[in-house]
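Visitor: Look at Swiss-Prot and you will find His31, Gly81 tagged as site 'Important for tRNA non-discrimination'. Annotation source Swiss-Prot lists L-aspartate binding site at Glu173, Arg219, His451, Arg492. Residues or ranges marked as region 'Aspartate' by Swiss-Prot on the basis of sequence analysis: 197-200. Annotation comment: Swiss-Prot describes Arg219, Asp220, Glu221, Gln228, Glu485, Gly537, Leu538, Asp539, Arg540 as ATP binding site. Per Swiss-Prot, compositional bias 'Low complexity' is recorded for 568-577. Residues annotated as region 'Disordered' in Swiss-Prot: 568-606. Residues annotated as compositional bias 'Basic and acidic residues' in Swiss-Prot: 578-590. Marked as compositional bias 'Polar residues' by Swiss-Prot: 593-606.
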Amino acid sequence: MLRTHDAGTLRASDIGKGVTLAGWVGHRRDHGGVAFIDLRDASGLAQVVIRDEILESSGAHDLRNEYCIRVTGVVEARPEGNANPNLPTGEIEVAITELEVLNPSAPLPFQIDEHVSVGEDARLKYRYLDLRRPHQHEALVLRSHVTHAIREVLDRHNFYDIETPTLTRSTPEGARDFLVPARLAPGCWYALPQSPQLFKQLLMVSGMERYYQIARCYRDEDFRADRQPEFTQLDVEMSFVDQDDVIALAEETMAACWKIIGVDMPTPLPRITWHEAMDRYGSDKPDLRFGNEITEVTDFFANTAFRVFQAPYVGAVVMPGGASLPRRQFDAWQEWARTRGAKGLAYITISDEGVPEGPVAKNISEEEKAGIAEKVGAKPGDAIFFAAGSKTSSQELLGAARLEIGRRCELFDPSDWAFCWVVDAPLFKPTKEAEASGDVAVGTGAWTAVHHAFTSPTPDCLDTFDTDPGSALAYAYDFVVNGNEVGGGSIRIHRRDVQERVFNVMGIGPEEAQEKFGFLLDAFKFGAPPHGGIAFGLDRLVMLLGGFETIRDVIAFPKTGNGYDPLTAAPAPITPAQRREAGVDAKPKEPSGGQTSNAEAYKSTT
């Protein structure tokens, strides 16, 4: 063995023991013939003392930060007054008798120090150095503890950890696929899975009944600040269950995760319907750490002469103390709204005497001015922000304003936790609305799925969802923590006729459905059981548990917000030879039957 002990595990009880440690030089300090080194390994750090007789003979004078070294010595108590109560090893030091440099270090691109600010590009380019910083190291340790806790719960409930394919066929699931050329079938392509959705349903048909997987998923989306093209999710599926069964298991699993950080999750968690969440909070993932709910005032302004409020929906949210804001800050709110696609954010201020003032107040009636503060719950000194237009977009704008007000006015304690389930979301939404929000609409119909095409309608909607898609509800449930959607799932469709009806609403006809999803539809013919499941975003879960700023902090080797990897410089061009060999430009053969067949393409090569 290269070492006998881990540096961070030494305590006062080890005083007098001979030890051999190995790790990195964190800091070095020289004090008149004595050198002190903070020796760091994965367990923490210990102070190493190199005295005169060893200092000259060991080459310790040449040591620099991040040299990899091995030392042998004796654990001693630190001199009186030199103990460090902020360090687990702060009562001891190791007086060394031998020192060996295992590997020197080149000059560092940045200091391995929590207190030094480092740009993200540099951190990701030298990620192996960034991970030596304790905070980043702890992120991956926490991630390991979380997956261990998850497995313990699911193992207790007799779940099977089963892998599903990484190379599969491209199927429309709501995002763009990453495609991989199939060299042995020129012109044909694999797709990396957006989720294990279809395979886990097939596992339920196969009789496995209880499946889970910590699965890698891939989505070729337009990159956003806190998204990754590849990510990890906890994927769970169960047969012969209803919504309550899945939620109960999910709560037990999540409670085990929060227990890691010393938080007792109160179960059962509250449930709120999707429509209630939108009406009260302007979000389908509401932050329940504070109130300050939005208020609909459409009826209040039903007879208004103010043209802006002559809209299908008018809503309001109060900013406590907002009347004292200078005009430039109200102008900044307008710009804030425009960055979210709105024309602006109308507002009224309530003076200390309770009189409505501001641009909107000049355009509404005396009766409306007299009643608006009471209607929305505003007090003297408050400001009221309004949104008017389509219901969904207006509610979303007010919901975003509510969150911004909560942060600016410190309406909640950032260390608090608020959990809930959002249930009974719409099964479908208009395709134009989905595309306008940047989503990929599956199918060519006027309606597309809100969650995915395999979500079952609620039992009450089973007979009417295709004749009245706008009123149909999904048998689905989302796990929300502090305004973050951490997990989501649903009871699945298990009957071929129901699945075909859903496809039809989405504009996926019988031939297309059979071509793209025939393997699933055919499986449903063989006694597919009722089943449901859930998936949790593991990256986001660990980020929240550890209080990290982005999911990149909890991924070992993440990519930037635009999908670039500074460490390996990926993605990168391929050579012309690779392109030819992979068949990137090849066209698939047309079989005699007319329909393109992967199977026939592969048969022609064997």
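Cβ coordinates are placed from backbone N, Cα and C, and glycine is handled just like the others.
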Visitor: Please spell out the DSSP helix, strand and coil residue counts for the region 'Aspartate' (197-200).
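Guide: Secondary-structure composition of the region 'Aspartate' (197-200): 4 helix, 0 strand, 0 coil.
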Visitor: Going by C-alpha positions, which of the recorded positions (His31, Arg219, His451, Arg492) is nearest Leu538 (ATP binding site)?
Guide: Arg219
Visitor: With the ATP site defined by the record as Arg219, Asp220, Glu221, Gln228, Glu485, Gly537, Leu538, Asp539, Arg540, how many Å span the farthest pair of C-alpha atoms?
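Guide: That value is 20 Å for the farthest Cα pair.
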Visitor: Please work out the number of neighbouring Cβ atoms within 10 Å of the Cβ of Glu221 (ATP binding site), leaving out its own Cβ.
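Guide: By my count, 17.
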Visitor: I'd like the Cβ neighbour count for His451 (L-aspartate binding site), meaning other Cβ atoms within 10 Å of its Cβ, all protein chains included.
Guide: 19
Visitor: Tell me the coarse DSSP state (helix, strand, coil) of Arg540 (ATP binding site).
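Guide: DSSP call for Arg540 (ATP binding site): helix.
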Visitor: Where's the emptiest Cβ shell within 10 Å among the recorded positions His31, Arg219, Arg492, Arg540?
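Guide: Candidates: the recorded positions His31, Arg219, Arg492, Arg540. Fewest Cβ atoms within 10 Å: His31.
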Visitor: Determine, using Cα-Cα distances only, which of these recorded positions is closest to Glu485 (ATP binding site): His31, His451, Arg492.
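Guide: Out of the listed candidates, the nearest Cα belongs to His451.
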Visitor: Arg492 (L-aspartate binding site) to Arg540 (ATP binding site): how many Å between their Cα atoms?
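Guide: Roughly 24 Å, rounded to the nearest whole number.
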Visitor: So of all those binding-site residues, Arg219, Glu221, His451, Arg540, which one's Cα sits nearest to Gly81 (site 'Important for tRNA non-discrimination')?
Guide: Arg540
Visitor: Take the region 'Aspartate' (197-200) and average the pLDDT across it for me.
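Guide: Result for the region 'Aspartate' (197-200): average pLDDT 96.
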Visitor: How many whole Å apart are the CA atoms of His31 (site 'Important for tRNA non-discrimination') and Arg219 (L-aspartate binding site)?
Guide: 56
Visitor: Compute the C-alpha separation of Arg540 (ATP binding site) from Arg219 (L-aspartate binding site), stating it in Å without decimals.
Guide: 16
Visitor: Tally every other Cβ atom lying within 10 Å of the Cβ atom of Glu485 (ATP binding site).
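Guide: Cβ-Cβ neighbours of Glu485 (ATP binding site) within 10 Å number 16.
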